[in-house]
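Remarks on the structure that follows.
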């Protein structure tokens, strides 16, 4: 086996992604960014079709959840996630958005904000993406600047509605397609957008001092080497020789030792919070670990089935339920990277919960999940997100 290239950590690392309505140009912008930076030797140009193919691979039994591309600016190293726009991929948006320190919201000036624009802003708010930069795309197709101004105002209002600083959020106008096609003026716009991202989205303070924890997104086997769990390190650090536990979904906890850490197919001395890595585990078979579990420092996190959640229930207009729900309602709770069915018990004096309500209720999960206070989750029903919340208290 050829010796892997070593990944050198020289610049601060930031996770970002493109969000927004289907066909507004998220993937075109992602491709344009890699192309423009590749010309400066800071990225490998990725074809639109390669990036766009990521969501399709689910059907063929391979779980590639979102397209990951990497690039650098003069100041930073970025891992960029392109979250597919279709409702079918909301689950991926949830695992994807959870991995963003900031996001580029792409809005087509020809359309203005659309239903998924709103849904992605809501999801960004709920999964803790605190910084959004707006790219108003396709501005070359709008003759009247005042119309573009109007769209910008609408986007700012929408961001403010979800507690983002709508008045202060930077907005860049341009054409991702023209940049991708090599228009020099639009290539400069893309570089300007990246400067804005460099400046506006702060380098996150990584919780590297906390105990190691990584939600498992995918599991695969490398012949002759063993089982690899991949995901984004939530907190702490991990290196070869570390003891870890596989926690969640099952009653028993499995202990293992880390025998390899890789990032972007390169070996890594130390994986730390925020890195997307593959972790090779000693003595663990493929069927002993699954998506939705977590890898954690031994003893640092426990499984629970009962918790109190602070929840926002989406309105019909946001794509949520059309009708209220009552105690004993049994939706899916999406934790870390997987759905678990749970039964809701409403507090005394609350007869029912209407779409649009904020509510605190108790949940009894069917399977144990690695839980703690502050963990975010979404509530889903029939493949649609109907609410989002945060664990306010663990009860068992």
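Cβ from N, Cα, C; glycine included.
Swiss-Prot tags one of the stretches 12-19, 20-27, 28-35 as region 'G1', and that stretch is 20-27. Segment annotation: Swiss-Prot labels region 'G4' over residues 137-140 (candidates 125-128, 129-132, 133-136, 137-140). In Swiss-Prot, the annotation region 'G2' applies to 61-65, one of the ranges 61-65, 66-70, 71-75. Check Swiss-Prot against the ranges 78-81, 82-85, 86-89 and you find region 'G3' recorded for 82-85.
Counting only the Cα atoms, the space from residue 20 (GTP binding site) to residue 27 (Mg(2+) binding site) is about 10 angstrom. Around residue 139 (GTP binding site), a 10 Å sphere centred on its CB holds 22 further CB atoms from the protein chains shown. Note: the Cα of residue 27 (Mg(2+) binding site) and the Cα of residue 139 (GTP binding site) are spaced 17 Å from each other.
Within the region 'G4' (137-140), the DSSP-based counts of helix, strand and coil residues read 2 helix, 1 strand, 1 coil.
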